[in-house]
Each structure stands twice: as C-alpha cells, then as structure tokens.
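Engineer: One structure, pasted below without further comment.
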Amino acid sequence: MTAIAVVGSQWGDEGKGKITDFLSKEAAMAVRSNGGNNAGHTIEIGDKTFKMRLIPSGIFAAKKGAVIGNGVVINPEVMFGELDNLEKEGIDISGLKISNRAHIIMPYHILQDTYQEEAKGDKKIGTTKNGIGPCYMDKASRTGIRVCDLLERDTFEEKLRTNLAEKNALFTKVYGKPELKFEDIFEKYLEYGQKMKKYVTDTSVVVNDALDNDEKVLFEGAQGVMLDIDEGTYPYVTSSNTISGGIASGIGMGANRLDTVIGVCKAYTTRVGEGPFPTELLDEVGDRIRETAHEYGTVTGRPRRVGWFDSVALRHAKRVAGINALSLNLLDVFSGFDKIKIATAYELDGEKIDYYPASLKELYRCKPVYEELPAWEEDITNVKTWEDLPENAKKFLNRVSELVGVPLVTVSVGPDREQTIVLKNPWEK
C-alpha cells in the first residue's frame, strides 16, 4: 500500500493525530488537504505533548516532511506560531511544503465569523470563530486570496482593496462595527508571504510524483465525516468536505489513488458545539467519561458532549467515505465500568431504522436502540497485544467491527504513540 487516508469517522476529535503520527513512521510524506486551524490535534511523544491546529501531525516522523494542500485554509499567524514552537523543541520543519493554491484566512474572515455567529443568538451553529467558513465562502465566490497572491505585491494589493471595500460595507451597515484599515493588513501579510515563500510549491505535483514512485504517502483528514459539509449533520457542520473524496480535490489528485481509508473512532462518541447527537449522555455516566478521558476541545477548551458508541453513524461514515479499515481509540476509558452500550439502530416515530436521517427534525426525534455489553476491571494501558486484552474488551471490539462492517487495524489503550495495539499493519498488502 502506498496511499493511506486517515479520516475521522465521528464528529472530529477521534484521535486522528495519534494514528497519523504512528503511521507516519513508515511514510515518505504526510499530507493535509482540508480545514484550517479549527482542527486541533494532540500528539504525545515521550514526555512531550504537542498541540497543533494547522501543521500536519506527520511532520514529526514522515521522512520527507509534511504537505499542506490546496484545500486547506491557512491562518499565517497561527501557522508560524506552530512552526516556531516546533523548532524550539528541535523538530525539523525544513521538509514542509505549502500549496501555492491554498487560500489565506484574512483578519476580516475572523471578524465576519464572529459577527455572524453573534447575530444568530440562540440559533448559532457553534463555529470556532476562526474565520474558516467565511474564507471558504470567499473561495466559492471567487474573491479569495491565495498563497500565490501574497507573493505578488500588485495582485495582493488589488484583491485586498476590493475585498476590504466589500467587507467594510458589511461590517458597518449590517453589524454596526468599525471598518478595517488597509494599512493595518497589507504590509503584515506581504511579510507573511515572503516568510512563507521557501515552503511554497505546487503540492499536487509533489504528491503525485511521490505516488508515481511508489513512495508511501499518508493523507490526514481533519474534523470528521459527520461534520462534512454535504454528508454531515447540516447545518451543524464544518465548511469543507471531510470525507475521503475531499482529500483528492484538496490535494489535486485522482480519487482512485487511495489504497486504504482508515476511519478513526473512539470507543464512545463525542461532539463539540450545537447539533443533533442521538446517543448523548446527560448524566453521571457522561460526566465520568468526559473527566476520565479529559474531553475538552484542543482549540476551544470547551467541554465536549459525550455519548455511547453509535454504529448507525459509523455505518453512514463508512458508506460515504469509503472506509475499509477501522482504528479505535480510548478503549482504556472503560476500565472499571460495569457495562458499555452500543447503539445498533434508531427508533423514529415508533419505527426501527438503521440509516442516518438527513432531516434535523427527524434526527432530534430519533431514540437510540442499545445493545449492552459487560465492561472490565483491568487496567489495560500497558497491554501490547490482542491476546493480553480482557475477554470483555475483545468482545466489545469484535462487536464494533461486526456492526460497522469494517475490520479493526489498530486499538489504542492510552495517549502515547507506543500505547497502540497493531492488529494489521495498514502499509502491508
């Protein structure tokens, strides 16, 4: 296998960073193709913890470095802050490559995101207010500023003046907010462009050349399938395609180049922000899972909503993202529990269904149909092999795989890179 994609199969925060870091040890390069600094991921290596939002997780181990593709929206201030921190910790960032076609998050995007969300009041979506959505809006309306534009002074000046005229009219007339000044932005972002220049290239060529040479390439998805702009719980979704199809367009390659799509999931389910969540736990069990697993957002610090494992949502993710392998994290959270529940279906208006409804009204009426399994007492954080797992842990994992219809390739029993049980090396045919 030379091309592996790692996608979140729930609502994000599944632990994709850990499995991509683990897989990147064998990869020539690690590639990110969607989202922006709304996608937090945590990597633990030895006694060091790295929390990043934009730089691909694979930068720690991939032999030829990391790639930020054209589908990513880049906040230069955040990106250079992360790069500076990595350099201070002795991480080699010289192999980073940034697409010349990627779009830039501008200061007005962040303000627009904030003003729009505030104006919605109790109908807010739950955006991270990082300017991701407005940046993608400008991309779709063909007014966005790309990385290549920052490298051309005249082009950037013309686009910035045009965009500021439009944004300032919006801010002052609709939201009653002050204008942004051209001089506060122009030189600062030109400088970002010059600082970025040594990393900028046509990443589509770089990645496709690597695949043509049978090099191992790891593609890192951001967020999760259930947050996909088309296939997720719309409108409570992100602004990009988080399924594997979005990886192809977000890097500039054919969809047929992916060999394996690994869906990453937790042993339970979490979600940040608003939106339907059929298996949500609003009791002491949910609180226990949240505190045991430290379920607080990497980017926002917000407490994550917690629920039981939802196989209906996972089957939906499998279908729309082409998931053919499963990586399950945080199995160790259930040590000491009496029982674990898995949603095998929903009940909608008295009828049992096994699909994920598109209608929000229907989703809010769905009640999970649960199957109950016994948990285990043993501490499993030091378990290295499948054989050494408690029998009840094996039964739970086998049932998850059976219900989703996808084989497990890795199981995580702790946050460290080494706390990973490998059932099958995804790089091997």
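Indices start at 1 and increase along the chain as displayed.
Heads up, the Cβ atoms here are built off N, Cα and C, so glycines get one too.
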Engineer: Of the residues THR127, THR128, THR155, THR203, only one is listed by Swiss-Prot in the IMP site with ASP13, GLU14, GLY15, LYS16, ASN38, ALA39, GLY40, HIS41, ARG142, GLN223, THR238, ARG302. Which is it?
Structural biologist: THR128
Engineer: Quick one, of the binding-site residues GLY15, GLY40, GLY301, PRO303, which Cβ has the fewest other Cβ within 10 Å?
Structural biologist: GLY301
Engineer: To which of the binding-site residues LEU331, VAL413 does the lowest count of other Cβ atoms within 10 Å belong?
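Structural biologist: Counting other Cβ atoms within 10 Å of each of the binding-site residues LEU331, VAL413, the minimum falls on VAL413.
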Engineer: Using other CB atoms within 10 angstroms as the count, which residue among the binding-site residues ASN38, THR128, GLN223 scores least?
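Structural biologist: Across ASN38, THR128, GLN223, these binding-site residues, the one with fewest Cβ atoms within 10 Å is THR128.
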Engineer: Reported as an integer number of Å, what is the Cα distance between GLY15 (GTP binding site) and THR128 (IMP binding site)?
Structural biologist: 19
Engineer: Over all pairs in ASP13, GLU14, GLY15, LYS16, ASN38, ALA39, GLY40, HIS41, THR128, ARG142, GLN223, THR238, ARG302, the listed IMP binding residues, work out the largest Cα-Cα distance in Å.
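Structural biologist: 34 Å is the greatest Cα spacing among the residues binding IMP.
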Engineer: For ARG302 (IMP binding site), list the number of other Cβ atoms lying within 10 Å of its Cβ atom.
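Structural biologist: The answer is 13 other Cβ atoms.
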Engineer: When a 10 Å sphere is centred on the Cβ of THR42 (GTP binding site), how many other Cβ atoms does it contain?
Structural biologist: 17
